[in-house]
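Notes follow the structure.
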Amino acid sequence: MASRQGSKSRKAGLKGADSTASSTTSSSKLYQETSIDGHSSPASSSAQSKQQFFSPDPLPQTAQRSKENVTVTVRFRPLSPREIRQGEEVAWYADGETIVRNEHNPTIAYAYDRVFGPTTTTRNVYDIAAHHVVNGAMEGINGTIFAYGVTSSGKTHTMHGDQRSPGIIPLAVKDAFSIIQETPNREFLLRISYMEIYNEVVNDLLNPAGHNLRIREDKQGTFVEGIKEEVVLSPAHALSLIAAGEEQRHVGSTNFNLLSSRSHTIFTLTIESSPLGDKSKGEAVHLSQLNLVDLAGSESSKVETSGVRRKEGSYINKSLLTLGTVISKLTDVRASHVPYRDSKLTRILQSSLSGHDRVSLICTVTPASSSSEETHNTLKFAHRAKHIEIQAEQNKIIDEKSLIKKYQREIRQLKEELEQLKQEIVPVPQLKDIGADDIVLLKQKLEDGQVKLQSRLEEEEEAKAALLSRIQRLTKLILVSTKNPQASRLPHRFNPRRRHSFGEEELAYLPYKRRDMMDDEQLDLYVSVEGNHEIRDNAYREEKKTRKHGLLNWLKPKKRDHSSSASDQSSVVKSNSTPSTPQGGGSHLHTESRLSEGSPLMEQLSEPREDREALEDSSHEMEIPETSNKMSDELDLLREQKKILSEEAALQLSSLKRMSDEAAKSPQNEEINEEIKVLNDDIKAKNDQIATLERQIMDFVMTSHEALDKSDIMQAVAELRDQLNEKSFELEVKAADNRIIQQTLNEKTCECEVLQEEVANLKQQLSEALELAQGTKIKELKQDAKELSESKEQLELRNRKLAEESSYAKGLASAAAVELKALSEEVAKLMNQNERLAAELATQKSPIAQRNKTGTTTNVRNNGRRESLAKRQEHDSPSMELKRELRMSKERELSYEAALGEKEQREAELERILEETKQREAYLENELANMWVLVSKLRRSQGADSEISDSISETRQTEQTEGSF
């Protein structure tokens, strides 16, 4: 943060004096000492103090702080006139005070701590979402308030607001000073820092030279090195610094806003407080930080951007994505690593998100249906953040290194030095009765002592004036309530809420009107052409710098010059000035100087001086609040001169009284009488000077009244002049944009005519192509169908013939088998009979007969053989015929099988042809579908055409006919 964050990672056991704490400033490890001559202002600090030690507030056991969750609220903005004109509908709405529900799907709903409708004011949002965080910060508990949402959802309006409706940051600053006013038993020191994160680069908005600052980390946490911190004395002082920082912030025009935030900003208010008076000795100092974060809006990928805007959007989305990832990891108890280092935003806010700060998240959403998805993502992010548990702790600095302690010690030391200077004034001893001889010697000693005393008095007067100025300057930095310290602050908690009334001087530093809800004409004007973004950004940035509203506008350029020169003397002048707090509502804070309380120097003044102070007090009552730092400085200078003259007059009165006593004792001493006369003349001259200064003060007060009246007139004239310049600039820009739009319109008209001709040609080509394709396809399909029918008839005829031949062959084969079986049985019988006869013949013949009748037997045998062969031939002739028939039947079967094989081959070939036909038909269907796509595109671009519809109907009838085939 702007200064070091507290040590949030310390263990629970280290809650004593050994715990490390956050330091009070943040650019280096040593604090820059402030010299008396004013070359280094205590009001502006950019140095880093040494290591400090603090511990959480040891609460009683009955009041131990319990865990709590992040406060999450949702704020709806109303529909813009542009969205209403475009007919946008409400997609999300607030269902009661805690529920957000989807209009189209009521089952989708999310619950939060509070949901604010479009009519809710920012003051009500502050009371619910931010007041408890600010109140805790004033008590020593760190706090962080986020504004999260998409572009044009109202984040910057919620955080900064305008003169009619101040935002969270002005209300928080005003509330902080109101709490100081209501806490009379403590004294406070407030300082602020303001930074931005643009394209992952950290810039200091209070110091134009502070670019690309580095983020450091030590045992105490993360801090930004070199960030400038400014001590603030009043709400107007703080708001003026914020306004100066806003002029340095990166903004630009987008498709949604004329002036859209292109960077994340972190406004840090560091609060130190200690018990008032002697109670502060040895007491711990409460140290806390209040971080008010205005996040840049996430951008959808649907938004067409280029160049710088695209680069900015990518960095913004990256940091917001990292923030969402960190939130998801913090809600996941199983997550072991949280990617804080993936983005500068999460790394700076690491201490705030670690669970020891009180955090409030304000999600701004739009109910428009065109942003329904982005709104849903925002609601889911808020829902995840609601589950983060925190345990807020009070931080106390237990050493003497805090800035408020340093100022208190320096004030005490300066007062002691002032007392020593007063005591070192050696009174002139009382003259006793002396002789005439010693008169000359005493006269010479008196002259020498008078010269030395005069020079010493002059030196002491200069030293006292410097010490008084230094004491007053340091005392003004510490803010103290004007209420009675004996009054307790507790009863005010039960009273009605205090109202945040802003004076004219404070409202002067707020924007004149909210920038996120632009007029329709301006919005249409500045988003019409993409290429003019950079020119419009530069022009409106200059216009933003020159347009200032309020009574103190004429001082702002001078203030910016001082800040740009980076001189510490400007901060000194600012610190010397009386805080200009508006007198409104009774809740303003008076920063009073405690120099007059118990000061011995003030007791030495005479009654005429008291009368002059009474006159001065009356002039204070008549004085109205200063309208500028210049008036305040001049008035303070006149008062300081009068005080110095009064002190010199008091010293001369004491010297006059002493010399009067000496003159009474020695009335003959002419030198003493002359010195008394000189002192009387000096006192008279000083009284005349004091009277002149009083008249100047009164004239200055009266002049300030007249200046206020003149400033009102000048303000009205300046506002009219600004409005005239604004309208003329808008008229010029509108005329230029109109010319560009007219040129673009002419180009688009020519393009439309060319496209119409192309569409007509395409229609004609499409109709011809459709007719040709349909005719060709029909002819091909008819030819294929005819060929298939003929092939089918031939195959059926051939199949019938083959079936008949097969049945005939089967009949012949069965008959041949029967005959062959009968013949085989007869052959077997004949063979058996022949064997039996041969056996009988062998048994009947004797061996001798066989020998004698060998020849006869042989002849008989041969004859028998011949007869048997003849008989066998007679028997074999039918079998040969059967074999021949069988052989013929086998040949027929083989021919039948060959015919069947040819038939199968023909069927396979026909199936292949049929498959190719189907593939060709599918190809033609795909081509027809492509033609239909082209026809649909043409019909969407030019409307329904009767000729195309007729062709479509004919094509569909053709497809139905083909389907029947």
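In case you wondered, yes, glycine gets a Cβ from its N, Cα and C as well.
From a predicted model like this one, the values you see are computed outputs, not experimental measurements.
The following features are taken from Swiss-Prot:
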{"type": "BINDING", "residues": "Gly149, Val150, Thr151, Ser152, Ser153, Gly154, Lys155, Thr156", "note": "ATP binding site"}
{"type": "COILED", "residues": "389-483", "note": "coiled coil"}
{"type": "COILED", "residues": "628-703", "note": "coiled coil"}
{"type": "COILED", "residues": "738-846", "note": "coiled coil"}
{"type": "COILED", "residues": "896-931", "note": "coiled coil"}
{"type": "COMPBIAS", "residues": "19-28", "note": "compositional bias 'Low complexity'"}
{"type": "COMPBIAS", "residues": "29-38", "note": "compositional bias 'Polar residues'"}
{"type": "COMPBIAS", "residues": "40-56", "note": "compositional bias 'Low complexity'"}
{"type": "COMPBIAS", "residues": "551-561", "note": "compositional bias 'Basic residues'"}
{"type": "COMPBIAS", "residues": "564-577", "note": "compositional bias 'Low complexity'"}
{"type": "COMPBIAS", "residues": "606-623", "note": "compositional bias 'Basic and acidic residues'"}
{"type": "COMPBIAS", "residues": "851-862", "note": "compositional bias 'Low complexity'"}
{"type": "COMPBIAS", "residues": "864-888", "note": "compositional bias 'Basic and acidic residues'"}
{"type": "COMPBIAS", "residues": "949-965", "note": "compositional bias 'Polar residues'"}
{"type": "DOMAIN", "residues": "69-388", "note": "domain 'Kinesin motor'"}
{"type": "REGION", "residues": "1-69", "note": "region 'Disordered'"}
{"type": "REGION", "residues": "551-633", "note": "region 'Disordered'"}
{"type": "REGION", "residues": "842-888", "note": "region 'Disordered'"}
{"type": "REGION", "residues": "942-965", "note": "region 'Disordered'"}
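Features recorded in Swiss-Prot, as mapped to the structure shown.
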| residue | record | Cβ within 10 Å |
| --- | --- | --- |
| Gly149 | ATP binding site | 28 |
| Val150 | ATP binding site | 23 |
| Thr151 | ATP binding site | 23 |
| Ser152 | ATP binding site | 25 |
| Ser153 | ATP binding site | 27 |
| Gly154 | ATP binding site | 24 |
| Lys155 | ATP binding site | 27 |
| Thr156 | ATP binding site | 29 |
Which state, by DSSP, holds Gly149 (ATP binding site): helix, strand or coil?
coil
Surrounding residues of the coiled coil (896-931) on its own chain - C-beta under 8 Å, 6+ positions past either end:
766, 769-770, 773, 777, 780-781, 784, 788, 791, 795, 798-799, 802, 805-806, 809, 955, 959, 962
